[in-house]
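Q: Annotations for this protein, taken from TrEMBL, read as follows:
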- B:3-176: domain 'Electron transfer flavoprotein alpha/beta-subunit N-terminal' (DOMAIN)
- B:R204, B:228-229, B:242-246, B:259-266, B:N280: FAD binding site (BINDING)
Amino acid sequence: MKVLVAVKRVVDYNIRPRIKADGSDVDIAGVKMSINPFDEIAIEEALRLKERGVVTEIVAVTIGTAACQDVLRHALAMGADRVILLESDLELQPLGVAKLLKAIVDKEQPGLIILGKQAIDDDAGQTGQMLAALMHAGQGAFASSITVADGEAVVVREVDGGTETVALKLPAVITADLRLNEPRFVKLPNLMMAKKKPIETIAASDLGVNAEPRLKLLKAAEPAERKAGIKVANVAELVSKLREAGAI
Amino acid sequence: MTVLILAEHDGKQIKKATRQAVTAAAAWNAPIHLVVLGHELQAVTAEAAAIAGVSEVICVDAPALAHALAEDVAALLLDLAPKYQVILAPYSAAAKNALPRVAALLDVAMISDVISISAPATYIRPTYAGSVLTTVESSDAVQVLTVRASSFDAAANGPAANIVDHAALAALSSQNQARFVSATHTISDRPELASARVVVTGGRPLETRFDAILNPLAAKLGAAIGATRAAVDAGFAPNDLQVGQTGTVVAPELYIAAGVSGAAQHLAGMKDSKVIVAINLDPDAAIFQVADFGLVADLFEAVPELTAALVAE
Ligand SMILES: Cc1cc2nc3c(=O)[nH]c(=O)nc-3n(C[C@H](O)[C@H](O)[C@H](O)COP(=O)(O)OP(=O)(O)OC[C@H]3O[C@@H](n4cnc5c(N)ncnc54)[C@H](O)[C@@H]3O)c2cc1C
């Protein structure tokens with residue numbers, strides 16, 4: 001079975017984003033970029049399914065400019081068999097991404113599609129579910145465990161107050177939560193080898209999909225800082241301050 | 001124009017988040033309808049109908065909806081959609097699962113985790129783990145969004161709304177796509193994390209003493225317990241206690257963080273709390289930058305001492 005994994009290039013999670021002087025957007029010029037952490041978990045899960053003999057081929061795909069090649073190299077270094085760059089300089093939003101991924105799904109016909117549950121830049125958490133909708137397929141969002149058997153994927157999902165298990169007919173779409181696995185460390189020789197592997201590039205505009213953004217970004221701003229508090233000397237002082245504040 | 005809210009409930013009661021979503025929906029100055037999906041919904045429907053500002057409650061009651069799958073919820077919302085210009089829900093696991101599906105099938109964008117509605121199609125939402133607030137405008141004919149419940153006040157009770165029964169779609173769409181297998185729910189007599197008045201959160205250093213140290217304090221305060229991702233990853237706390245960017249967002253009256261470093265991903269989930277207390281050994285820990293009251297101390301001594309001090313009151 002073939003697995004398609006969708007990955008996104010985002011501002012590294014350790015970086016505190018800066019906002020452009022005119023407040024029009026986040027300034028990512030010269031900022032360290034990385035693979036979205038949840039997408040790395042998605043790749044890791046595909047690798048484990050392959051190691052268990054369930055999966056035969058792992059195809060990683062990303063959408064964006066040529067700069068996004070680095071996350072595909074990362075996917076290759078982790079062990080993806082093949083990678084695709086859907087080249088586009090549109091501002092990509094979840095619905096547009098889902099439509100473009102649907103076009104790739106139609107072309108590649110994977111048995112399973114795994115994505116991260118959310119991208120840590122826009123924090124939207126929509127793409128996987130939207131893709132499943134467009135495919136009229138079942139979805140297993142926020143997965144913490146995946147088993148594939150008898151043409152079904154059995155997914156344990158993290159929900160408010162516990163977990164839920166669903167069985168999905170393949171092809172299905174699964175989004176990876178944090179507890180799904182711990183991604184392997186990419187070794188330097190693998191990264192060097194990945195540099196030599198081919199990246200299939202497709203112009204997104206050739207897919208006949210309208211991926212124009214629907215939401216207009218009017219403004220980006222920093223949230224109001226909390227007023228600095230005080231340090232208390234001991235528990236007794238803490239209790240009296242809390243009482244004064246009416247918190248207890 | 002009419003607004004449809006997907007009600008959040010636990011089968012017995014309407015969740016507070018639903019009332020908060022009703023307040024958010026008032027921004028449209030339009031009639032508000034609630035849809036309640038599930039099985040054996042009499043009590044929930046009656047409670048929903050009593051919420052001030054709601055003019056109609058649509059009840060979709062079927063055994064197959066006792067554990068509603070996203071595929072079915074989306075199909076049912078899509079069935080109702082032609083009458084509505086706005087479809088919204090609190091930012092919960094269930095809505096995060098189903099609403100993007102609805103939006104895609106309606107071919108409209110979705111706006112997640114809205115904290116403020118500045119004009120009928122202009123929204124403010126956090127991005128980058130809450131480090132950036134973005135204002136976005138949607139030009140779609142139907143607005144599909146989730147709202148961060150804690151950013152809105154809970155609507156009180158008012159005149160009773162109309163209750164309308166809506167039959168579940170004859171053949172639920174999930175049947176050839178997905179199947180419910182099982183669910184496990186953490187049974188707890190503590191208040192629900194997302195809406196608790198007080199939250200006591202522990203970080204990685206608590207290790208195997210997580211419960212032993214935090215439970216007595218939480219019991220004394222009638223608090224919910226939260227955890228950092230590091231504490232969850234290490235197996236000291238169950239995953240549904242995770243507070244943060246990728247866990248639950250809370251904004252209680254009082255938030256007590258013990259042994260929590262204050263990484264941006266954690267702060268994203270709690271920095272709108274009214275009063276924040278931090279107990280940390282490291283005087284430079286980032287958590288102190290958002291804490292109203294910081295105590296530089298070993299939590300293994302300070303938390304039991306705080307618990308005892310409260311008992312003595
Ligand atoms: C994609 C992504 C998403 C994430 N999402 C979340 C999220 O939703 N929620 C979340 O919490 N994290 C999240 N994280 C993780 C986050 O970045 C931090 O790693 C995590 O919050 C740290 O947890 P901690 O404070 O318990 O642990 P640590 O970083 O280990 O900090 C422990 C703190 O306890 C103090 N301490 C140690 N011993 C004692 C003692 N005896 N008494 C008092 N203080 C003591 C230390 O000084 C330190 O400040 C995410 C990370 C990524 C990459």
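Numbers here mean position along the shown chain, with the first residue as 1.
Backbone N, Cα and C define each Cβ position, glycine as well.
In TrEMBL, annotation is done automatically, which means it is predicted and not curated.
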Q: In the structure shown, which of the binding-site residues B:V260, B:A263 has the fewest Cβ neighbours within 10 Å?
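A: Across B:V260, B:A263, these binding-site residues, the one with fewest Cβ atoms within 10 Å is B:A263.
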Q: Looking at the binding-site residues B:R204, B:Q245, B:V260, B:A263, B:H266, which ones have a CB within reach of chain A, meaning under 8 Å Cβ to CB?
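A: The answer, in sequence order, is B:Q245.
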Q: In the structure shown, which of the binding-site residues B:R204, B:H266 has the fewest other Cβ atoms within 10 Å?
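A: Comparing Cβ neighbours within 10 Å for the binding-site residues B:R204, B:H266, B:R204 has the fewest.
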Q: Would you pick out, from the binding-site residues B:Q242, B:Q245, the residue whose Cβ has the largest number of other Cβ atoms within 10 Å?
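A: Output for this query is B:Q242.
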Q: Report the mean pLDDT of the predicted model across the domain 'Electron transfer flavoprotein alpha/beta-subunit N-terminal' (B:3-176), rounded to a whole number.
A: 95
Q: For B:Q242 (FAD binding site), which of the three DSSP-derived states applies: helix, strand, or coil?
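A: Going by the DSSP assignment, B:Q242 (FAD binding site) falls within a strand, counted as strand.
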